[in-house]
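Read through the structure below, which is laid out as structure tokens, and then see the notes.
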Amino acid sequence: MESIGVLMMCPMSSYLENELEKRFNLLRFWTSPEKSVLLETHRNSIRAVVGNASAGADAQLISDLPNLEIVSSFSVGLDKIDLGKCKEKGIRVTNTPDVLTEDVADLAIGLILALLRRLCECDRYVRSGKWKQGEFQLTTKFSGKSVGIIGLGRIGTAIAKRAEAFSCPINYYSRTIKPDVAYKYYPTVVDLAQNSDILVVACPLTEQTRHIVDRQVMDALGAKGVLINIGRGPHVDEQELIKALTEGRLGGAALDVFEQEPHVPEELFGLENVVLLPHVGSGTVETRNAMADLVVGNLEAHFSGKSLLTPVV
């Protein structure tokens, strides 16, 4: 397989790079100063693309690579891959489901606690020496708060199970009712927000879910409600979020993802009722290595004529 060209779109994992380089002719797209020259030079040898939540395979890239056979995503999300174009050209697509579910769900609960109990502020309070001047202000309890989840898939379900351990009633919105769960279903996101103290975004990003959390949803969540986003940045209308937070119409927000990563609206930096993370939902050594193994395993299976491990297309 050493002659098979694999185009890696951006830095993802040194472990993944090493494993790919052992097996294939690895081409690093981000290191090339002349990307068009790289594609023209290797267009016939590139048979696989490895992308992630930041960079995948759009229609133009797919058209530029006539011998492309498979796109393997180092992510569970597929919003950076033109799935329609892949289906049209018979290109296989894989992702990394399941292995990152637990980490992302853990982080969602961590964000809830960090926001409600103001853990980041508490840390700064101690470091700055302010504790000597007086006690920190009282915060908000998590246990018993109603948690609304947008998207009750693998990750959403894992978040729900964790929140249940905090005696939280669980509500959800999904494309369809889940008959095998006891959680309360709401037919619209606005209805869900109106009946939840904490709203968690955990659905895939599609054209239908882009800005699924808009001004109407934020107003329904209200001045005591908080928003947690561990999905994708474009799920939330960031400009409306900034307005809702600064105007006091929304109680707080904890965000692991943003609309234009790695660029974060500076208006959020000065707000005390927000927690901001650099898209680290699956960012543990164990999970990233497991994701890398899935990417490599899918490529090896494809080029060996075997069944894909996690096929999407």
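Yeah, the Cβs are placed from backbone N, Cα and C, and that goes for glycine too.
With Leu152, Gly153, Arg154, Ile155, Ser174, Arg175, Thr176, Ile230, Gly231, Arg232, His279, Val280, Gly281 listed by Swiss-Prot as binding NADP(+), the candidate from Asp123, Asp197, Asp256 annotated for that site turns out to be Asp256. DSSP assigns Arg154 (NADP(+) binding site) to a helical segment in the three-state reduction.
Here the binding-site residues are Ser174, Thr176, and the one whose Cβ sees the fewest other Cβ atoms within 10 Å is Thr176.
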